[in-house]
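What follows is a single structure, written as C-alpha coordinates, with notes after it.
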Ligand code: GLN
(Lines of atoms letter the chains of each structure in order from A; the text may use other names.)
(Lines give C-alpha, C1' and ligand atoms only; values in the text may rest on other atoms or scores of the structure.)
Protein backbone atom coordinates (compact mmCIF):
# COMPACT_ATOMS: atom_id res chain seq x y z
CA UNK A 1 0.00 0.00 0.00
CA UNK A 2 1.27 3.47 -0.86
CA UNK A 3 1.76 5.77 2.12
CA UNK A 4 -0.60 8.32 0.59
CA UNK A 5 -3.41 5.77 0.62
CA UNK A 6 -3.36 5.61 4.41
CA UNK A 7 -5.97 7.57 6.25
CA UNK A 8 -4.89 10.19 8.77
CA UNK A 9 -5.35 8.09 11.91
CA UNK A 10 -3.37 5.23 10.33
CA UNK A 11 -0.55 7.61 9.48
CA UNK A 12 -0.39 8.53 13.15
CA UNK A 13 -0.21 4.86 14.16
CA UNK A 14 2.58 4.37 11.61
CA UNK A 15 4.57 7.28 13.04
CA UNK A 16 4.11 5.98 16.56
CA UNK A 17 5.41 2.54 15.53
CA UNK A 18 8.25 4.19 13.59
CA UNK A 19 7.10 2.37 10.43
CA UNK A 20 7.98 5.45 8.39
CA UNK A 21 8.98 9.04 8.98
CA UNK A 22 6.90 12.13 8.45
CA UNK A 23 9.42 13.39 5.90
CA UNK A 24 8.97 10.21 3.85
CA UNK A 25 5.20 10.67 3.93
CA UNK A 26 5.33 14.34 2.98
CA UNK A 27 7.71 13.62 0.10
CA UNK A 28 5.30 10.97 -1.19
CA UNK A 29 2.49 13.49 -1.09
CA UNK A 30 4.58 16.10 -2.89
CA UNK A 31 5.37 13.50 -5.55
CA UNK A 32 1.65 12.88 -6.00
CA UNK A 33 1.07 16.60 -6.26
CA UNK A 34 3.78 16.87 -8.92
CA UNK A 35 2.27 14.05 -10.93
CA UNK A 36 -1.41 14.90 -10.61
CA UNK A 37 -1.75 18.67 -10.32
CA UNK A 38 -1.65 19.39 -14.05
CA UNK A 39 -4.83 17.41 -14.40
CA UNK A 40 -6.60 17.91 -11.04
CA UNK A 41 -5.72 21.56 -10.26
CA UNK A 42 -6.56 21.23 -6.57
CA UNK A 43 -4.02 23.78 -5.33
CA UNK A 44 -3.46 27.47 -5.88
CA UNK A 45 -0.22 27.36 -3.89
CA UNK A 46 1.84 24.30 -3.00
CA UNK A 47 4.01 24.88 0.07
CA UNK A 48 6.63 22.23 -0.67
CA UNK A 49 9.56 23.73 1.25
CA UNK A 50 7.55 24.72 4.30
CA UNK A 51 5.97 21.26 4.35
CA UNK A 52 9.31 19.45 4.34
CA UNK A 53 10.61 21.75 7.05
CA UNK A 54 7.55 21.07 9.24
CA UNK A 55 7.88 17.34 8.58
CA UNK A 56 11.48 17.37 9.78
CA UNK A 57 10.40 19.14 12.96
CA UNK A 58 7.73 16.51 13.59
CA UNK A 59 10.26 13.72 13.05
CA UNK A 60 12.60 15.36 15.52
CA UNK A 61 9.84 15.60 18.09
CA UNK A 62 9.08 11.91 17.62
CA UNK A 63 12.74 11.04 18.01
CA UNK A 64 13.09 13.12 21.18
CA UNK A 65 9.83 11.71 22.52
CA UNK A 66 8.44 15.20 22.93
CA UNK A 67 4.74 15.72 23.37
CA UNK A 68 2.95 15.91 20.02
CA UNK A 69 -0.33 17.45 18.90
CA UNK A 70 -3.28 15.38 17.72
CA UNK A 71 -2.55 16.01 14.04
CA UNK A 72 1.16 15.30 14.29
CA UNK A 73 2.66 14.75 10.86
CA UNK A 74 -0.61 14.84 8.92
CA UNK A 75 -0.40 16.68 5.59
CA UNK A 76 -3.33 19.10 5.41
CA UNK A 77 -4.68 21.14 2.50
CA UNK A 78 -6.15 24.51 3.52
CA UNK A 79 -8.75 26.39 1.50
CA UNK A 80 -7.36 29.57 0.03
CA UNK A 81 -9.71 31.88 1.92
CA UNK A 82 -8.06 30.90 5.22
CA UNK A 83 -5.00 32.90 6.26
CA UNK A 84 -1.69 31.11 6.69
CA UNK A 85 0.99 33.57 7.75
CA UNK A 86 3.43 34.71 5.04
CA UNK A 87 1.72 32.62 2.37
CA UNK A 88 -0.39 33.89 -0.51
CA UNK A 89 -4.12 33.95 0.16
CA UNK A 90 -5.96 34.58 -3.10
CA UNK A 91 -9.56 33.44 -2.42
CA UNK A 92 -9.12 32.28 -6.04
CA UNK A 93 -9.65 35.85 -7.17
CA UNK A 94 -7.63 38.14 -9.39
CA UNK A 95 -8.38 40.75 -6.71
CA UNK A 96 -5.99 38.97 -4.33
CA UNK A 97 -3.75 37.25 -6.86
CA UNK A 98 -0.55 38.49 -5.23
CA UNK A 99 -1.73 39.08 -1.68
CA UNK A 100 0.56 37.59 0.97
CA UNK A 101 -1.22 37.55 4.29
CA UNK A 102 0.85 38.78 7.26
CA UNK A 103 -0.87 36.81 10.03
CA UNK A 104 -2.31 33.40 10.88
CA UNK A 105 -6.00 32.56 11.14
CA UNK A 106 -7.10 30.73 14.28
CA UNK A 107 -7.48 27.67 12.04
CA UNK A 108 -3.87 27.74 10.90
CA UNK A 109 -2.64 28.55 14.41
CA UNK A 110 -4.41 25.42 15.60
CA UNK A 111 -3.18 23.31 12.68
CA UNK A 112 0.36 24.34 13.59
CA UNK A 113 -0.14 23.87 17.31
CA UNK A 114 -1.37 20.32 16.67
CA UNK A 115 1.80 19.63 14.63
CA UNK A 116 0.11 19.06 11.28
CA UNK A 117 1.96 19.78 8.05
CA UNK A 118 0.23 22.42 5.95
CA UNK A 119 1.03 21.30 2.43
CA UNK A 120 -0.76 23.91 0.35
CA UNK A 121 -3.63 26.30 -0.26
CA UNK A 122 -6.51 24.81 -2.16
CA UNK A 123 -8.52 26.14 -5.08
CA UNK A 124 -12.10 27.35 -4.59
CA UNK A 125 -14.86 29.31 -6.24
CA UNK A 126 -13.97 32.98 -6.20
CA UNK A 127 -14.53 34.25 -2.64
CA UNK A 128 -16.45 30.97 -2.01
CA UNK A 129 -19.32 31.92 -4.30
CA UNK A 130 -20.25 28.92 -6.40
CA UNK A 131 -20.72 25.18 -6.46
CA UNK A 132 -18.19 23.98 -9.02
CA UNK A 133 -14.87 25.94 -8.66
CA UNK A 134 -15.64 27.17 -12.17
CA UNK A 135 -15.74 30.73 -10.83
CA UNK A 136 -12.09 30.42 -9.70
CA UNK A 137 -9.63 32.79 -11.39
CA UNK A 138 -7.24 29.83 -11.48
CA UNK A 139 -9.48 27.41 -13.38
CA UNK A 140 -11.64 24.50 -12.35
CA UNK A 141 -10.59 21.67 -10.00
CA UNK A 142 -11.38 18.29 -11.50
CA UNK A 143 -13.05 15.42 -9.70
CA UNK A 144 -10.50 12.68 -8.94
CA UNK A 145 -13.24 10.04 -9.36
CA UNK A 146 -13.84 11.15 -12.95
CA UNK A 147 -11.94 14.10 -14.39
CA UNK A 148 -14.72 15.02 -16.81
CA UNK A 149 -16.72 16.08 -13.72
CA UNK A 150 -16.36 19.00 -11.34
CA UNK A 151 -15.10 18.32 -7.82
CA UNK A 152 -17.88 20.54 -6.49
CA UNK A 153 -17.62 23.86 -4.71
CA UNK A 154 -16.87 26.12 -3.33
CA UNK A 155 -14.26 24.08 -1.41
CA UNK A 156 -13.72 21.92 -4.51
CA UNK A 157 -9.93 22.18 -4.33
CA UNK A 158 -9.89 20.80 -0.78
CA UNK A 159 -12.05 17.84 -1.79
CA UNK A 160 -10.07 17.24 -5.00
CA UNK A 161 -6.76 17.37 -3.10
CA UNK A 162 -7.95 14.85 -0.53
CA UNK A 163 -9.60 12.61 -3.13
CA UNK A 164 -6.50 12.61 -5.34
CA UNK A 165 -4.25 11.79 -2.36
CA UNK A 166 -2.55 15.15 -2.50
CA UNK A 167 -3.19 15.63 1.24
CA UNK A 168 -4.51 13.45 4.07
CA UNK A 169 -7.00 15.91 5.56
CA UNK A 170 -8.46 19.10 4.17
CA UNK A 171 -10.02 22.25 5.56
CA UNK A 172 -12.88 23.98 3.78
CA UNK A 173 -15.52 26.54 4.56
CA UNK A 174 -19.27 26.15 4.31
CA UNK A 175 -21.73 29.00 3.81
CA UNK A 176 -24.47 27.12 2.00
CA UNK A 177 -22.97 23.67 1.55
CA UNK A 178 -19.43 24.27 0.33
CA UNK A 179 -17.89 21.49 2.40
CA UNK A 180 -20.66 18.90 2.26
CA UNK A 181 -21.38 19.25 -1.45
CA UNK A 182 -17.79 18.71 -2.71
CA UNK A 183 -17.38 15.92 -0.15
CA UNK A 184 -20.45 14.29 -1.66
CA UNK A 185 -19.21 14.78 -5.24
CA UNK A 186 -15.78 13.29 -4.47
CA UNK A 187 -16.89 10.37 -2.25
CA UNK A 188 -15.53 11.83 1.00
CA UNK A 189 -16.84 12.77 4.44
CA UNK A 190 -17.50 16.47 5.05
CA UNK A 191 -18.61 18.06 8.33
CA UNK A 192 -20.06 21.53 8.81
CA UNK A 193 -20.16 21.92 12.58
CA UNK A 194 -22.53 24.11 14.59
CA UNK A 195 -22.25 27.81 13.69
CA UNK A 196 -19.56 29.40 15.82
CA UNK A 197 -17.73 26.22 16.73
CA UNK A 198 -14.58 26.97 14.73
CA UNK A 199 -13.45 30.59 15.07
CA UNK A 200 -13.54 32.54 11.80
CA UNK A 201 -10.77 34.99 12.67
CA UNK A 202 -8.41 35.16 9.68
CA UNK A 203 -10.92 33.78 7.21
CA UNK A 204 -12.17 35.90 4.35
CA UNK A 205 -15.84 36.48 5.05
CA UNK A 206 -18.50 35.65 2.51
CA UNK A 207 -21.65 35.92 4.64
CA UNK A 208 -20.96 36.38 8.35
CA UNK A 209 -24.10 34.82 9.75
CA UNK A 210 -23.77 31.69 7.58
CA UNK A 211 -20.01 31.00 7.31
CA UNK A 212 -18.46 28.09 9.15
CA UNK A 213 -15.23 26.17 8.73
CA UNK A 214 -15.65 22.64 7.38
CA UNK A 215 -13.66 19.49 7.83
CA UNK A 216 -12.90 16.87 5.15
CA UNK A 217 -11.68 13.34 5.81
CA UNK A 218 -11.53 10.02 4.00
CA UNK A 219 -13.91 8.71 6.64
CA UNK A 220 -15.86 9.89 9.67
CA UNK A 221 -13.01 9.25 12.09
CA UNK A 222 -10.57 11.39 10.10
CA UNK A 223 -12.99 14.27 9.56
CA UNK A 224 -13.83 14.21 13.26
CA UNK A 225 -10.15 14.30 14.24
CA UNK A 226 -9.66 17.49 12.23
CA UNK A 227 -12.78 19.07 13.70
CA UNK A 228 -11.51 18.30 17.18
CA UNK A 229 -8.28 20.11 16.43
CA UNK A 230 -10.05 23.20 15.08
CA UNK A 231 -13.07 23.74 17.30
CA UNK A 232 -13.27 25.80 20.47
CA UNK A 233 -13.76 29.44 21.41
CA UNK A 234 -11.36 32.24 20.55
CA UNK A 235 -11.91 35.78 21.69
CA UNK A 236 -10.93 37.24 18.33
CA UNK A 237 -14.21 35.92 16.88
CA UNK A 238 -17.15 37.26 18.88
CA UNK A 239 -19.47 34.65 17.37
CA UNK A 240 -17.29 31.73 18.36
CA UNK A 241 -18.63 29.56 21.11
CA UNK A 242 -17.15 27.10 23.50
CA UNK A 243 -20.37 25.17 23.64
CA UNK A 244 -19.81 22.40 21.16
CA UNK A 245 -18.59 19.81 23.52
CA UNK A 246 -16.76 17.05 21.71
CA UNK A 247 -16.26 15.35 25.03
CA UNK A 248 -17.82 11.92 24.54
CA UNK A 249 -15.36 9.20 23.77
CA UNK A 250 -16.45 7.86 20.42
CA UNK A 251 -15.22 4.33 19.85
CA UNK A 252 -13.99 4.13 16.27
CA UNK A 253 -12.32 0.77 16.71
CA UNK A 254 -15.35 -1.47 16.88
CA UNK A 255 -17.80 -1.81 13.97
CA UNK A 256 -20.49 -3.51 16.02
CA UNK A 257 -20.46 -0.83 18.67
CA UNK A 258 -20.51 1.86 15.99
CA UNK A 259 -23.62 0.35 14.41
CA UNK A 260 -25.27 0.40 17.85
CA UNK A 261 -25.27 4.20 17.61
CA UNK A 262 -28.13 3.93 15.11
CA UNK A 263 -30.39 2.08 17.47
CA UNK A 264 -33.42 4.06 18.63
CA UNK A 265 -32.36 7.23 16.86
CA UNK A 266 -35.32 9.34 15.88
CA UNK A 267 -34.88 10.60 12.36
CA UNK A 268 -37.13 12.94 10.39
CA UNK A 269 -37.40 13.18 6.61
CA UNK A 270 -39.30 16.16 5.18
CA UNK A 271 -42.22 15.11 2.96
CA UNK A 272 -41.06 17.56 0.30
CA UNK A 273 -37.79 15.64 -0.12
CA UNK A 274 -39.71 12.41 -0.70
CA UNK A 275 -42.01 14.00 -3.28
CA UNK A 276 -39.22 15.72 -5.18
CA UNK A 277 -38.00 14.85 -8.59
CA UNK A 278 -34.53 13.69 -7.63
CA UNK A 279 -31.92 12.28 -9.97
CA UNK A 280 -32.75 8.55 -10.13
CA UNK A 281 -29.38 7.38 -8.88
CA UNK A 282 -29.58 9.81 -5.95
CA UNK A 283 -33.10 8.62 -5.21
CA UNK A 284 -32.06 4.94 -5.26
CA UNK A 285 -29.15 5.57 -2.92
CA UNK A 286 -31.30 7.68 -0.63
CA UNK A 287 -33.86 4.86 -0.39
CA UNK A 288 -31.09 2.37 0.32
CA UNK A 289 -29.77 4.65 3.05
CA UNK A 290 -33.23 4.87 4.62
CA UNK A 291 -33.40 1.05 4.65
CA UNK A 292 -30.01 0.82 6.36
CA UNK A 293 -31.04 3.21 9.13
CA UNK A 294 -34.29 1.30 9.66
CA UNK A 295 -32.60 -2.09 9.63
CA UNK A 296 -30.20 -0.97 12.34
CA UNK A 297 -32.99 0.16 14.60
CA UNK A 298 -33.50 3.86 13.86
CA UNK A 299 -37.05 5.14 13.77
CA UNK A 300 -37.79 7.13 10.66
CA UNK A 301 -40.77 9.38 10.20
CA UNK A 302 -41.87 11.54 7.30
CA UNK A 303 -42.71 15.05 8.51
CA UNK A 304 -44.20 18.22 7.06
CA UNK A 305 -41.69 21.05 6.95
CA UNK A 306 -43.27 23.74 4.83
CA UNK A 307 -40.70 26.46 5.32
CA UNK A 308 -37.92 24.60 3.52
CA UNK A 309 -39.47 25.36 0.17
CA UNK A 310 -38.23 28.92 0.66
CA UNK A 311 -34.63 28.20 1.61
CA UNK A 312 -32.90 28.96 -1.69
CA UNK A 313 -34.47 32.38 -2.27
CA UNK A 314 -34.09 33.36 1.37
CA UNK A 315 -30.45 32.27 1.38
CA UNK A 316 -29.60 34.33 -1.68
CA UNK A 317 -31.31 37.48 -0.44
CA UNK A 318 -29.61 37.31 2.94
CA UNK A 319 -26.17 36.19 1.79
CA UNK A 320 -26.06 38.66 -1.09
CA UNK A 321 -26.82 41.45 1.36
CA UNK A 322 -23.93 40.31 3.54
CA UNK A 323 -21.69 39.73 0.51
CA UNK A 324 -22.27 43.22 -0.87
CA UNK A 325 -21.11 44.81 2.35
CA UNK A 326 -18.19 42.39 2.87
CA UNK A 327 -16.87 42.87 -0.65
CA UNK A 328 -16.84 46.65 -0.15
CA UNK A 329 -13.53 46.25 1.67
CA UNK A 330 -11.80 45.47 -1.61
CA UNK A 331 -11.30 49.07 -2.64
CA UNK A 332 -7.76 48.61 -4.06
CA UNK A 333 -6.56 51.34 -1.74
CA UNK A 334 -5.23 49.27 1.12
CA UNK A 335 -4.55 45.94 -0.55
CA UNK A 336 -5.60 43.87 -3.52
CA UNK A 337 -5.61 44.49 -7.25
CA UNK A 338 -5.20 48.11 -8.40
CA UNK A 339 -5.82 49.19 -11.96
CA UNK A 340 -2.85 50.67 -13.82
CA UNK A 341 -4.30 53.87 -15.20
CA UNK A 342 -6.76 56.22 -13.60
CA UNK A 343 -7.32 59.95 -13.19
CA UNK A 344 -9.52 60.09 -10.11
CA UNK A 345 -9.98 57.91 -7.04
CA UNK A 346 -13.46 57.10 -8.13
CA UNK A 347 -12.15 55.83 -11.43
CA UNK A 348 -9.52 53.81 -9.57
CA UNK A 349 -12.14 52.09 -7.38
CA UNK A 350 -14.39 51.38 -10.33
CA UNK A 351 -11.73 50.03 -12.66
CA UNK A 352 -9.93 48.03 -9.99
CA UNK A 353 -13.13 46.34 -8.86
CA UNK A 354 -14.32 45.75 -12.42
CA UNK A 355 -11.01 44.12 -13.31
CA UNK A 356 -10.46 42.32 -10.02
CA UNK A 357 -13.80 40.55 -9.53
CA UNK A 358 -15.29 37.82 -11.72
CA UNK A 359 -18.89 37.67 -12.96
CA UNK A 360 -20.41 35.64 -10.11
CA UNK A 361 -18.98 37.95 -7.44
CA UNK A 362 -20.18 41.01 -9.35
CA UNK A 363 -23.64 39.50 -9.77
CA UNK A 364 -23.97 38.94 -6.02
CA UNK A 365 -22.64 42.40 -5.13
CA UNK A 366 -25.16 43.98 -7.48
CA UNK A 367 -28.11 41.96 -6.20
CA UNK A 368 -27.04 42.53 -2.60
CA UNK A 369 -26.66 46.28 -3.09
CA UNK A 370 -30.00 46.43 -4.85
CA UNK A 371 -31.98 44.60 -2.19
CA UNK A 372 -30.35 46.56 0.62
CA UNK A 373 -31.22 49.90 -0.94
CA UNK A 374 -33.45 52.06 1.19
CA UNK A 375 -36.69 51.60 -0.73
CA UNK A 376 -36.31 47.83 -1.22
CA UNK A 377 -34.83 46.57 2.06
CA UNK A 378 -38.25 46.34 3.65
CA UNK A 379 -39.63 44.20 0.80
CA UNK A 380 -36.68 41.87 0.45
CA UNK A 381 -34.05 41.90 3.15
CA UNK A 382 -36.24 42.29 6.22
CA UNK A 383 -38.81 39.90 4.84
CA UNK A 384 -36.09 37.31 4.24
CA UNK A 385 -34.90 37.74 7.82
CA UNK A 386 -38.42 36.90 8.97
CA UNK A 387 -38.51 33.81 6.77
CA UNK A 388 -35.19 32.75 8.23
CA UNK A 389 -36.74 32.94 11.67
CA UNK A 390 -39.64 30.77 10.51
CA UNK A 391 -37.23 28.20 9.12
CA UNK A 392 -35.28 28.20 12.38
CA UNK A 393 -38.47 27.77 14.40
CA UNK A 394 -39.59 24.89 12.24
CA UNK A 395 -36.28 23.11 12.74
CA UNK A 396 -36.41 23.74 16.48
CA UNK A 397 -39.85 22.19 16.58
CA UNK A 398 -38.66 19.12 14.66
CA UNK A 399 -35.64 18.78 16.93
CA UNK A 400 -37.90 18.57 19.98
CA UNK A 401 -39.06 15.16 18.74
CA UNK A 402 -36.21 14.02 16.51
CA UNK A 403 -32.46 13.75 16.81
CA UNK A 404 -31.76 14.61 13.19
CA UNK A 405 -33.02 15.18 9.67
CA UNK A 406 -31.97 12.83 6.88
CA UNK A 407 -31.65 13.62 3.15
CA UNK A 408 -29.28 13.25 0.24
CA UNK A 409 -26.52 15.88 0.33
CA UNK A 410 -27.13 17.04 -3.24
CA UNK A 411 -30.19 16.36 -5.45
CA UNK A 412 -28.00 15.66 -8.50
CA UNK A 413 -24.78 13.84 -9.44
CA UNK A 414 -21.59 15.88 -10.01
CA UNK A 415 -21.94 18.25 -12.96
CA UNK A 416 -19.98 17.77 -16.16
CA UNK A 417 -17.21 20.34 -16.42
CA UNK A 418 -18.36 21.48 -19.85
CA UNK A 419 -22.05 21.55 -18.89
CA UNK A 420 -23.48 25.04 -19.37
CA UNK A 421 -25.62 26.01 -16.39
CA UNK A 422 -27.46 29.18 -15.54
CA UNK A 423 -26.66 30.60 -12.10
CA UNK A 424 -30.18 29.72 -10.96
CA UNK A 425 -29.76 26.08 -12.02
CA UNK A 426 -26.56 25.96 -10.02
CA UNK A 427 -28.26 27.51 -6.98
CA UNK A 428 -30.99 24.82 -7.02
CA UNK A 429 -28.43 22.15 -6.18
CA UNK A 430 -27.93 23.71 -2.72
CA UNK A 431 -31.45 22.89 -1.55
CA UNK A 432 -30.45 20.24 1.00
CA UNK A 433 -27.34 21.89 2.36
CA UNK A 434 -28.56 25.45 2.97
CA UNK A 435 -30.89 24.72 5.94
CA UNK A 436 -27.98 23.83 8.22
CA UNK A 437 -26.36 27.22 7.51
CA UNK A 438 -29.66 29.01 7.83
CA UNK A 439 -30.27 27.51 11.27
CA UNK A 440 -26.68 27.21 12.50
CA UNK A 441 -27.09 23.44 12.83
CA UNK A 442 -24.30 20.90 12.43
CA UNK A 443 -24.47 18.65 9.36
CA UNK A 444 -22.39 15.88 7.86
CA UNK A 445 -22.18 14.22 4.45
CA UNK A 446 -21.24 10.54 4.32
CA UNK A 447 -20.65 8.67 1.05
CA UNK A 448 -22.74 5.70 -0.03
CA UNK A 449 -20.69 2.86 -1.50
CA UNK A 450 -19.39 3.62 -4.99
CA UNK A 451 -21.22 2.41 -8.05
CA UNK A 452 -19.77 2.93 -11.54
CA UNK A 453 -16.96 4.84 -9.90
CA UNK A 454 -19.21 7.48 -8.37
CA UNK A 455 -20.70 7.88 -4.95
CA UNK A 456 -23.75 9.71 -3.60
CA UNK A 457 -23.56 11.61 -0.33
CA UNK A 458 -26.12 11.17 2.44
CA UNK A 459 -26.62 14.10 4.81
CA UNK A 460 -27.55 14.24 8.47
CA UNK A 461 -28.47 17.60 9.98
CA UNK A 462 -28.61 17.74 13.76
CA UNK A 463 -29.33 19.90 16.76
CA UNK A 464 -27.13 22.87 17.49
CA UNK A 465 -24.22 22.04 19.77
CA UNK A 466 -24.98 18.32 19.48
CA UNK A 467 -22.42 17.72 16.77
CA UNK A 468 -21.42 14.43 18.28
CA UNK A 469 -24.92 13.07 17.80
CA UNK A 470 -24.71 13.28 14.01
CA UNK A 471 -21.08 12.20 13.99
CA UNK A 472 -21.91 9.02 15.89
CA UNK A 473 -24.87 8.34 13.61
CA UNK A 474 -22.67 8.94 10.55
CA UNK A 475 -20.10 6.53 11.96
CA UNK A 476 -22.75 3.88 12.57
CA UNK A 477 -24.04 4.37 9.05
CA UNK A 478 -20.56 4.27 7.51
CA UNK A 479 -19.79 0.99 9.26
CA UNK A 480 -23.16 -0.45 8.24
CA UNK A 481 -22.63 0.12 4.54
CA UNK A 482 -18.94 -0.66 4.25
N1 LIG B 1 -23.01 26.96 -3.51
C2 LIG B 1 -23.39 27.91 -2.54
C3 LIG B 1 -23.31 29.31 -3.10
O4 LIG B 1 -22.98 29.45 -4.22
C5 LIG B 1 -22.61 27.73 -1.29
C6 LIG B 1 -21.33 28.46 -1.24
C7 LIG B 1 -20.59 28.25 0.06
O8 LIG B 1 -21.01 27.46 0.91
N9 LIG B 1 -19.50 28.97 0.21
O10 LIG B 1 -23.61 30.24 -2.45
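Heads up, the Cβ atoms here are built off N, Cα and C, so glycines get one too.
Curation does not apply to TrEMBL; its annotations are automatic.
Per TrEMBL, the feature domain 'Amidase' maps to 24-470.
Residues annotated as active site, charge relay system in TrEMBL: 79 (among others). Of all Cβ atoms in the shown protein chains, 32 besides its own fall within 10 Å of the Cβ of residue 79 (active site, charge relay system). DSSP assigns residue 79 (active site, charge relay system) to a strand segment in the three-state reduction.
Residue environment of residue 154 (active site, charge relay system) contains 34 other Cβ atoms, counted within 10 Å of its Cβ in all protein chains. For 154 (among others), the entry in TrEMBL reads active site, charge relay system.
Annotated active site, acyl-ester intermediate per TrEMBL: 178, in sequence order. Around the Cβ of residue 178 (active site, acyl-ester intermediate), a 10 Å sphere holds 35 further Cβ atoms from the protein chains shown. According to DSSP, residue 178 (active site, acyl-ester intermediate) sits in a coil region rather than a helix or strand.
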- Measuring Cα to Cα, how many angstrom lie between residue 79 (active site, charge relay system) and residue 154 (active site, charge relay system)? 9
- Task: Around ligand 1, within a Cβ distance of under 6 Å, which of the active-site residues 79, 154, 178 show up?
- Result: 154, 178
- Between the C-alpha atoms of residue 178 (active site, acyl-ester intermediate) and residue 154 (active site, charge relay system), the distance in angstrom, to the nearest integer, is 5
- On the domain 'Amidase' (24-470), the mean of the pLDDT values is 97
